[in-house]
Amino acid sequence: MNHHITLVGNPNTGKTTLFNKLAGTRQKVGNWAGVTVDCKTGFFSVNEQRVDMTDLPGIYSFATESGGIDEAVARRFLGQGEFDVIINVVDATNLKRNLKLTKELITLGRPMIVVMTMTDLARKMRIMPDLDALAANMGIATIDGYDLSVAELQNQVLALVEMGKDNFVVAEPKSIKQWLSGVMLQQARAQNSTELIDRVVLHPLLGIPIFLLSMYAMFALAIGLGTLFIDPIDSLTAYWFVAFPSHWMQLLGVPHWIIVVLADGLGGGAELVATFVPVIACLYLCLSFLEDSGYMARAAFIIDRVMLSIGLPGQAFIPLLLGFGCNVTSIMSTRSLSNPKQRMLTMAMAPFMSCSARLAVYVMFVSVFFRSHGGSLVFGLYLLGIVMAVGTAWIFRKQLFNDVHASSFIEMPHYHRPRWGNIALSSWHKVRGFVIRAGKTIVVVSAILTILNSIPSWHSDADGGKPSALAEVGQVITPVFTPIGMGYNNWPAAVGVFTGVLAKEAVVGTMDALYSDVVGSETDSVYEPPINNLQTSGAILWGNLTGAVSTLVDPLGLAAVSDAQHDATLSLGHQKMASLFEGWQGAFAYLVFVLLYTPCAAAIGALVKEGGMLWTGVVTGWSTSVAYVGAVCTFQVLTFAQHPFSSLMIMGIALVWIVFFVLGLKSWIKPKLGHNIIAVG
Amino acid sequence: MVLSELPKGVTANIHSVIHPHRDKQIQLLALGFDPGESVQLMMKAPFGNPLQVKVGATLIAIHTDDAQYIQLCEGACEDYDE
């Protein structure tokens, strides 16, 4: 026989831990219809009886009509009543407050079981309630979710579910005071360890250094450690997804265009997704650790006042910080913001944080154009990104979210020893979610660009044809980039803009190849047998791991900037590049464009997953517009003396577009937001 | 006295919560800011905002702007329990 139970409880009660304990790996995460709130479902089987579970978002109350998106989701689900028994998860260390929700749940008139969590902490703090007395007072079966083994817990839950379904008695409405009479037998400890730790961690003087240190550790681990695995995984997947299948398809006589679509297009897309897995996995491990241990809420507390000055809560700090490593991790981590509007605002800011892939482009330009001022140039670009992000927050709040309040109340959970099994399990499910859900978009975007890049031009070589169809497109749109100082013959830079959407560091490879006239250098690699590839990938991994210390000291990889300044001579390709840009002004304007423009394919995938299609469109359109207008203004201001009149004209037109966009946000986008992203009621 | 004026480490009891923003009023009550409940100011964040307060057994970060709407009893409170 099948049963369906639903887990309901306050946030931070260990509800997800209980869910993981019951379901193990037999769970999947989806979204509630039309909302970016996780809907977790899972099941367990005992004696050929299957119990399906739905995990509701953590809520304090569902009875009131207002409240956030989580309450709305819970209210709708509980109202529809497609479940047999409610499992009310109650935090034993905070009984009185948790029981308020229990009281609300009773009014639904459905069978119910109370499962106590955090009982280990409650015993330590000497506030463990007498469960039998409490169950008798409430008239609801109550069990200890921590003490029982997995099998015992499953058995007990099943037994209680069957009992609840067969002979259900509505619990008597009593006050919480009556429920608690004779339940608390011990005298609570005067001070618990959480308060002692908080005295140090939130100390007026010590708090900030501890915060900075932990943020640095998280960044170095999530970005630095994850990055070490990118190259070996790239080498491995480039072989198995692209080189190996295309080699064999060639031998089997498969037509060329099918090989391009399957191996280069789809295989290349899968390769791109795979390279993000190590960074995303490290990120989720770090975030789960911070969340599970209880420090996350403290970090938000420390930085809250600073973030408030740009109208965001303290929790927005971590996503934005991670943006300097990789915008994808940044967008994925906005989930920790409970308010969906603040989450969307943070997502719109994230692409402006200069990620480490863009650093590769800066380094190339420093070595060609800015040898004497490389350091300050790169610093200036990072700063410009931050300014643009803050400006975006300001404008979007004014135009779209004028009703969003920065301040909210954050419950600070007790410090808890991290439950490693739980951290590993939830990270695994989140990485899987990224691969499946964001991966789709990434594969599509990257396949389109790769295929365009691989198919030959429609002009023949004799007509001055370009190496690929993408290059032709680049040539056609080059005039669009004239106002940012890109000469008519500088089509490789325009092609770089396209391949940069694939991955920002691809700008470097594209320009290198096109300026030095090396055509299709990537696709014509020599086929090697599988064993060689395994050896190569292993060697790269070993090389990266041995260099791990320098990664931890310099997680952004800024050392490359000073290395570039000391390169001996310019290669031929770089000399050509130097001649094609309109001086250093044109090069600088191009860098401004690269810093700000369209998020990369992976970031777009993450945006679609976290914010929905409409929001992805808004963020992509906004960053592209800002990048273009910013680059135009940069170039025109830098060359103002040469042609003041046309500069004024061009800048005027560019700024009109931005004003148009900003006004459009309010009149077009704002009315649509409610239906597209935020579910009501 | 209101909660934002409570000195650090001192425990008081809540007299009433009257927040002008309806959503926040509901949230505060759901979080356990009930009349009669004990409340203690534990820590202040850098620059004096937000505050970490302990309401019953719950630790909560709350901004001074919101804390000013939580009235505390002067001296002893009457028994507020339901």
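From the backbone N, Cα and C atoms, a Cβ is placed for every residue, glycine too.
The model shown is predicted, which means the values in this text are computed figures rather than measured ones.
The feature domain 'FeoB-type G' is assigned by TrEMBL to A:2-166.
A:LYS15 (GTP binding site) carries a helical DSSP state (H, G or I). TrEMBL lists A:9-16, A:34-38, A:55-58 with the feature GTP binding site.
Annotation source TrEMBL lists Mg(2+) binding site at A:ASN20, A:GLY24. Applying an 8 A CB threshold to same-chain residues 6+ apart, the list for A:ASN20 (Mg(2+) binding site) reads A:GLN27, A:GLY421, A:ASN422, A:LEU425, A:SER426.
For A:205-230 (among others), the entry in TrEMBL reads transmembrane segment.
Residues or ranges marked as transmembrane segment in TrEMBL: A:236-260 (among others). Outside the transmembrane segment (A:236-260), and at least 6 residues removed from its termini, the chain residues within Cβ reach (under 8 Å) are 267-268, 270-271, 274-275, 451, 454-455, 525, 527-528, 530, 533-534, 537.
Per TrEMBL, the feature transmembrane segment maps to A:272-290 (among others). Long-range Cβ contacts of the transmembrane segment (A:272-290) within its own chain (Cβ-Cβ under 8 Å, at least 6 residues beyond either end) map to 214, 218, 221-223, 225-230, 233-234, 237, 241, 296, 299, 318, 322, 325-326, 328-329, 332-333, 336, 418, 422-424, 426-427, 430-431, 434-435, 438-439, 442-443, 446, 502-503, 601-602, 605.
Among the features that TrEMBL reports, transmembrane segment is placed at A:310-332 (among others).
The transmembrane segment annotation in TrEMBL covers A:344-370 (among others). Outside the transmembrane segment (A:344-370), and at least 6 residues removed from its termini, the chain residues within Cβ reach (under 8 Å) are 223, 227, 311-312, 316, 319-320, 323-327, 330-331, 334, 337, 377-378, 381-382, 385-386, 388-390, 392-393, 396-397, 401, 404, 500, 503-505, 507-508, 511-512, 556-558, 560-561, 563-565, 567, 570, 574, 577-578, 581, 584, 587-588, 590-591, 594-596, 599-600, 603, 607, 610-611, 615, 618-619, 622-623, 677.
Sequence-distant neighbours of the transmembrane segment (A:376-396) (same chain, 6+ residues past either end, Cβ-Cβ under 8 Å): 310-312, 320, 324, 345, 348-350, 352-354, 359, 362, 366, 370, 558, 561, 588, 591-592, 595-596, 622, 626, 630, 662, 665. Look at TrEMBL and you will find A:376-396 (among others) tagged as transmembrane segment.
The transmembrane segment annotation in TrEMBL covers A:434-455 (among others). Residues 257, 260-261, 264-266, 268-270, 272-273, 276-277, 280, 328, 332, 468-470, 473, 498-499, 501-502, 520, 523, 601-602, 604-606, 608-609 of the same chain sit 6 or more residues outside the transmembrane segment (A:434-455) yet have a Cβ under 8 Å from a Cβ within it.
The feature transmembrane segment is assigned by TrEMBL to A:587-608 (among others).
Residues annotated as transmembrane segment in TrEMBL: A:615-639 (among others). For the transmembrane segment (A:615-639), same-chain residues at least 6 beyond its ends with a Cβ under 8 Å from one of its own Cβ atoms are 344, 347-348, 351-352, 384, 388, 392, 483-485, 582, 585-586, 588-590, 592-599, 604, 607-608, 647, 650-651, 654-655, 657-658, 661, 665, 669, 673, 676-677.
Packing against the transmembrane segment (A:645-665) from elsewhere in the chain are residues 395-396, 399-400, 483, 618, 621-622, 625-626, 628-629, 632-633, 636-637, 639: each is 6 or more residues past its ends and has a CB under 8 Å from a CB in it. As annotated by TrEMBL, transmembrane segment applies to A:645-665 (among others).
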#### Entry: Winner by Cβ contact number (other Cβ atoms within 10 Å) across the binding-site residues A:GLY24, A:PRO57
A:PRO57
#### Entry: Model confidence over the domain 'FeoB-type G' (A:2-166) (mean pLDDT, whole number)
86
### Task
To the nearest whole angstrom, state the Cα distance for the pair A:LYS15 (GTP binding site) and A:GLY24 (Mg(2+) binding site).
14
### Query
Taking just the CA atoms, what is the gap between A:ASN12 (GTP binding site) and A:GLY24 (Mg(2+) binding site) in Å?
19
### Query
Using DSSP and three states only, what is A:GLY24 (Mg(2+) binding site)?
coil
### Task
Count the Cβ atoms, other than its own, that fall within 10 Å of the Cβ of A:LYS15 (GTP binding site), considering every protein chain shown.
26
